[in-house]
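Enquirer: So Swiss-Prot says this about it:
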type    : residues                                               : note
DOMAIN  : 7-285                                                  : domain 'Helicase ATP-binding'
BINDING : MET42, PRO43, THR44, GLY45, THR46, GLY47, LYS48, THR49 : ATP binding site
BINDING : CYS116, CYS134, CYS155, CYS190                         : [4Fe-4S] cluster binding site
MOTIF   : 234-238                                                : motif 'DEAH box'
Amino acid sequence: MIFKIEDVTVYFPYDNIYPEQYEYMVELKRALDAKGHCLLEMPTGTGKTIALLSLITSYRLSRPDSPIKLVYCTRTVHEMEKTLGELKLLHDYQVRHLGTQAKILALGLSSRKNLCVNTKVLAAENRDSVDAACRKRTASWVRALSTENPNVELCDFFENYEKAAENALLPPGVYTLEDLRAFGKNRGWCPYFLARHMIQFANVIVYSYQYLLDPKVAGFISKELQKESVVVFDEAHNIDNVCIEALSVSVRRVTLEGANRNLNKIRQEIDRFKATDAGRLRAEYNRLVEGLALRGDLSGGDQWLANPALPHDILKEAVPGNIRRAEHFVHVLRRLLQYLGVRLDTENVEKESPVSFVSSLNSQAGIEQKTLKFCYDRLQSLMLTLEITDTDEFLPIQTVCDFATLVGTYARGFSIIIEPYDERMPHIPDPILQLSCHDASLAIKPVFDRFQSVVITSGTLSPIDLYPRLLNFTPVVSRSFKMSMTRDCICPMVLTRGSDQLPVSTKFDMRSDPGVVRNYGKLLVEMVSIVPDGVVCFFVSYSYMDGIIATWNETGILKEIMQQKLVFIETQDVVETTLALDNYRRACDCGRGAVFFSVARGKVAEGIDFDRHYGRLVVMYGVPFQYTLSKILRARLEYLHDTFQIKEGDFLTFDALRQAAQCVGRVIRSKADYGMMIFADKRYSRHDKRSKLPGWILSHLRDAHLNLSTDMAIHIAREFLRKMAQPYDKAGTMGRKTLLTQEDLEKMAETGVQDMAY
């Protein structure tokens with residue numbers, strides 16, 4: 001359908017549109033017109049992605065004089081592929097109606113591991129090894145050496161791409177990762193470097209958050225992006241955590257041991273170069289004296305991760321004299337490693353500010369703050385000079401230089417925390433030194449400052465007023481949408497007690513109570529006997545899940561569950577979990593039914609959909625608070641209170657409830673779908689807790705469903721399933737119109753009414 005929103009003609013590839021999609025587009029257009037940033041919470045399963053893509057691409061077509069670029073950030077490769085699939089459909093529709101003027105270039109960008117087509121490189125076991133294997137075949141010095149020694153192995157795809165030079169271009173179209181690989185194989189060009197090259201010409205780019213938020217990656221991937229770009233962070237409920245992780249570094253004993261080995265190897269290489277090619281080291285020294293850290297623009301194969309500090313915090317001056325000579329720099333790093341080793345050798349938890357840490361480092365190891373700031377750039381320069389390609393082997397020394405650069409650059413918003421062991425396993429010595437960032441606004445500020453509009457959107461952004469405070473920005477539009485429905489296809493319930501009327505909760509003093517564990521088990525036994533197909537259970541942590549499953553196994557509860565449905569469990573091993581998910585789906589497909597045990601904040605809670613028969617019921621056991629005794633969390637809470645006046649309890653509740661909402665939202669992925677949500681903890685019945693759930697869940701949470709026992713929940717579930725068994729009328733009856741036609745939109749435009757009756 002084609003319709004107008006004010007002066008923009010919107011091309012939408014479906015015959016009908018949901019009222020909330022239309023409203024979403026109206027609010028998004030307001031933000032684009034104002035050239036400002038916005039926060040939009042849209043219920044899951046209501047076509048948020050296609051609404052966003054339709055409006056922004058149509059907005060671009062309506063402003064041919066000032067075309068905008070869309071940068072769409074997703075959390076996972078699966079979401080990236082899904083977004084590009086939707087964009088393909090939309091692009092075909094627009095080209096059908098507008099011809100060649102609607103043609104765009106859109107592509108996804110991911111790591112070498114996901115884009116490489118060289119089978120020998122792909123044989124490496126992990127992402128870092130794939131990067132190193134690629135570098136061994138594409139570095140400029142390796143390619144130069146191959147002219148003298150034909151036995152040196154190069155990458156044919158990269159060589160062909162380099163030979164094509166300016167002609168290595170992608171024709172207009174929408175390219176998924178699979179399309180890029182196929183195109184690369186067909187032309188004999190490297191898809192990874194081709195995609196990197198095409199970013200500057202593309203109208204739409206879809207990639208991971210890190211490509212914009214992590215300075216190390218953004219520094220060489222996204223630095224050329226124009227200001228007239230609209231940046232979208234999809235599924236952005238955890239964006240503050242992504243920002244914090246981008247600027248945090250952890251150092252363990254194993255890191256220091258690896259870094260020492262790296263320095264030994266670097267020292268050997270320096271000695272070898274002194275004997276065979278001393279001029280190269282001299283040239284590097286002269287370059288550093290002149291203040292040129294790197295040799296101009298590096299070719300693709302030579303590029304390294306950028307500086308870990310944010311662009312405006314990097315010093316634009318010459319490297320300090322005491323680390324210009326390679327051997328002097330190695331000596332400084334040795335002293336730094338010795339100092340870190342001494343600090344890790346402690347029996348007490350220590351917490352201090354970067355200023356205090358740098359002062360102590362200066363007095364005990366003689367390393368100044370300015371020297372620390374340049375550690376990462378100096379290491380990068382040295383490794384290029386020494387022509388080192390085994391980048392995966394040198395990760396430990398890179399981590400230490402990351403740490404040094406960040407601790408030397410930032411005085412506020414960070415803490416250094418040294419813990420001799422994990423508090424949850426105090427009998428195992430495992431010292432860790434963490435430079436922890438507490439201020440999410442630091443990493444995202446360059447994005448807000450640089451780009452015209454930033455859209456933060458998700459199904460879970462409640463309470464929506466907390467995000468501007470956490471990220472320190474002022475949105476021009478901030479809106480939470482409700483879900484229009486022809487039938488009440490979601491049924492949230494709060495279970496506060498078992499059939500024996502004992503209260504249930506995962507509060508620390510109650511979670512191990514045999515009565516609570518028994519009631520949680522009995523709830524599931526009763527539910528699996530009446531709910532068809534798939535049931536998903538989320539626990540607050542891996543340790544709690546392991547403990548409760550072990551108890552259920554001993555008491556025979558697990559056996560009772562398995563008489564009704566097969567049981568699959570998420571583990572911390574990605575391969576095991578993927579296999580368990582695959583078998584869970586097969587059990588649901590063949591009618592046997594299955595239960596999947598998972599963990600809030602785990603991989604499954606964040607990125608796997610349990611739509612249709614894969615998830616007819618989700619049980620959230622407990623309130624998924626973070627581990628509140630964590631020293632890093634305590635330091636962050638202190639910082640948030642002092643800087644943004646966010647109370648400790650408010651933040652902890654907000655964080656726990658967004659995770660709970662994310663877990664239960666996994667079961668509804670469209671309006672034709674249906675599912676039940678059970679919040680099994682007495683704390684959810686308190687207004688201060690449940691009020692922080694998204695509006696689209698709260699609007700279906702009736703007062704009669706707030707303080708249930710197991711037998712009451714069973715009765716409600718039976719009634720709900722009976723209702724859902726009736727034929728589904730997707731057009732809407734009884735005045736609850738949830739699909740708008742083109743005529744409806746035209747009428748609304750005439751009357752000026754934008755809010756339809758839900």
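Yeah, the Cβs are placed from backbone N, Cα and C, and that goes for glycine too.
Could you tell me the structural context for the features on the list?
Expert: Following the DSSP three-state reduction, the secondary structure of THR44 (ATP binding site) is coil.
Listed in sequence order, ASN118, VAL121, CYS134, ARG137, THR138, CYS190 are the same-chain residues at least 6 apart in sequence whose CB falls under 8 Å from the CB of CYS155 ([4Fe-4S] cluster binding site).
Outside the motif 'DEAH box' (234-238), and at least 6 residues removed from its termini, the chain residues within Cβ reach (under 8 Å) are 48-49, 52, 72-75, 79, 83, 456-461, 606, 658, 661-662.
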Enquirer: Using a 10 Å cut-off, grab the number of neighbouring Cβ atoms around the Cβ of THR49 (ATP binding site), all chains included.
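Expert: Cβ-Cβ neighbours of THR49 (ATP binding site) within 10 Å number 21.
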Enquirer: Determine, for the ATP site, the additional residues of the same chain whose CB lies within 8 Å of the mean position of the CB atoms of MET42, PRO43, THR44, GLY45, THR46, GLY47, LYS48, THR49; present them in sequence order.
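Expert: Not counting the recorded site residues, we get GLU20, GLN21, ALA51, GLY459.
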Enquirer: What's the CA to CA span in angstrom from THR46 (ATP binding site) over to CYS116 ([4Fe-4S] cluster binding site)?
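Expert: It is 35 Å, counting Cα to Cα.
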Enquirer: Please compare the binding-site residues GLY45, GLY47 by how many other CB atoms fall within 10 Å of each one's CB, and tell me which has the fewest.
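Expert: Counting other Cβ atoms within 10 Å of each of the binding-site residues GLY45, GLY47, the minimum falls on GLY47.
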Enquirer: Let me spell it out: for each of the binding-site residues (CYS134, CYS190), count the other Cβ atoms within 10 Å of that residue's Cβ, using every protein chain shown. Which one has the most?
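Expert: Counting every other Cβ within 10 Å of each candidate, the maximum falls on CYS190.
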Enquirer: For the motif 'DEAH box' (234-238), what is the mean per-residue pLDDT, to the nearest integer?
Expert: 93
Enquirer: Taking the Cβ of PRO43 (ATP binding site) as the centre, count every other Cβ atom within 10 Å, in any protein chain shown.
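Expert: For PRO43 (ATP binding site), the 10 Å Cβ neighbour count is 25.
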